[in-house]
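Undergrad: Encoded as structure tokens, here's the structure I'll be asking about.
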Amino acid sequence: AKELSEKQIAEIKDAFDMFDIDGDGQITSKELRSVMKSLGRTPSDAELEEMIREVDTDGNGTIEYAEFVEMMAKQMGPTDPEKEMREAFRVFDKDGNGLITAAELRQVMANFSDEKLTSEEISEMIREADIDGDGMVNYEEFVKMMTPK
């Protein structure tokens, strides 16, 4: 497996535990179906079997933790914090102009949260991140806001 950071390994373990509903260390097709359903997908039995077959290297019909880690490692690849930060910024910067406006922030927050934020709360979030005072958040300001102090 590729070298994974401790954070990535913890994330993989959390994901595995979410799939492994009964906690027996294996993901069955039934457990996979439950998780897929919670994600709004309804795969057929054949699709579920195919998903498991792609990952199930020992051929026992279930996905063990080691197989899950191997699959996730292939998908994750090496982490590039700069690239991840740029991708996160792009999620907010809907029109791609390099600035996050209050309208863009409101749109993203509406998608990610059930709580409806007031215009005042959105404006406050922008103000907190907006170092140069132009009423928008540029990439450098976004990085400062997202980086733990």
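Just so you know, glycine gets a Cβ as well, placed from its N, Cα and C.
Got these off Swiss-Prot a minute ago, pasting:
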MOD_RES   ALA1  N-acetylalanine
BINDING   ASP20, ASP22, ASP24, GLN26, GLU31  Ca(2+) 1 binding site
BINDING   ASP56, ASP58, ASN60, THR62, GLU67  Ca(2+) 2 binding site
DOMAIN    80-115  domain 'EF-hand 3'
BINDING   ASP93, ASP95, ASN97, GLU104  Ca(2+) 3 binding site
DOMAIN    117-149  domain 'EF-hand 4'
BINDING   ASP130, ASP132, ASP134, MET136, GLU141  Ca(2+) 4 binding site
Undergrad: Of all the binding-site residues given, namely ASP20, ASP93, ASP95, ASN97, ASP130, which is spatially nearest to THR62 (Ca(2+) 2 binding site) at the Cα level?
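TA: So, of the listed binding-site residues, the one sitting closest to THR62 (Ca(2+) 2 binding site) is ASP20.
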Undergrad: Which bits of the chain, at least 6 residues beyond where the domain 'EF-hand 4' (117-149) starts or stops, bring a Cβ under 8 A of a Cβ in it?
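TA: Apart from its flanks, the domain 'EF-hand 4' (117-149) reaches 85-86, 88-89, 92, 98-102, 105-106, 109-110.
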Undergrad: Within 10 Å of the Cβ of MET136 (Ca(2+) 4 binding site), how many other Cβ atoms are there?
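TA: There are 19 such Cβ atoms around MET136 (Ca(2+) 4 binding site).
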Undergrad: List, in sequence order, the same-chain residues at least six positions removed whose CB sits under 8 Å from that of GLU67 (Ca(2+) 2 binding site)?
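TA: Non-local contacts for GLU67 (Ca(2+) 2 binding site): VAL55, ASP56, THR57, ASP58.
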Undergrad: Find, for the listed binding-site residues ASP24, ASP93, the residue with the lowest Cβ contact count at a 10 Å cut-off, counting only other Cβ atoms.
TA: ASP24
Undergrad: Around the Ca(2+) 2 site formed by ASP56, ASP58, ASN60, THR62, GLU67, list the extra residues of the same chain whose Cβ is within 8 Å of the site's Cβ centroid.
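TA: Going along the sequence, the neighbours appear as GLN26, ILE52, VAL55, THR57, GLY59, GLY61, ILE63, GLU64.
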Undergrad: Take the C-alpha atoms of ASP132 (Ca(2+) 4 binding site) and ASP93 (Ca(2+) 3 binding site) and report the distance between them in angstrom, rounded.
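TA: So the alpha carbons of ASP132 (Ca(2+) 4 binding site) and ASP93 (Ca(2+) 3 binding site) sit roughly 18 Å from each other.
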Undergrad: Going by DSSP, is ASP20 (Ca(2+) 1 binding site) sitting in a helix, a strand, or coil?
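TA: DSSP call for ASP20 (Ca(2+) 1 binding site): coil, neither helix nor strand.
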Undergrad: What mean pLDDT does the predicted model reach across the domain 'EF-hand 4' (117-149)?
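TA: Taking every residue of the domain 'EF-hand 4' (117-149) together, the mean pLDDT is 91.
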Undergrad: Restricting to the chain of ASP134 (Ca(2+) 4 binding site) and a gap of 6 or more, list residues whose Cβ falls under 8 Å of its Cβ, or answer none.
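TA: Set apart from ASP134 (Ca(2+) 4 binding site) by at least 6 residues yet with Cβ under 8 Å, there are none.
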Undergrad: From the Cα of MET136 (Ca(2+) 4 binding site) across to the Cα of ASP93 (Ca(2+) 3 binding site), what is the distance in angstrom?
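TA: For ASP93 (Ca(2+) 3 binding site) versus MET136 (Ca(2+) 4 binding site), the Cα atoms are 10 Å apart.
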Undergrad: So, three-state DSSP: helix, strand or coil for GLU141 (Ca(2+) 4 binding site)?
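TA: Note: GLU141 (Ca(2+) 4 binding site) is helical by DSSP.
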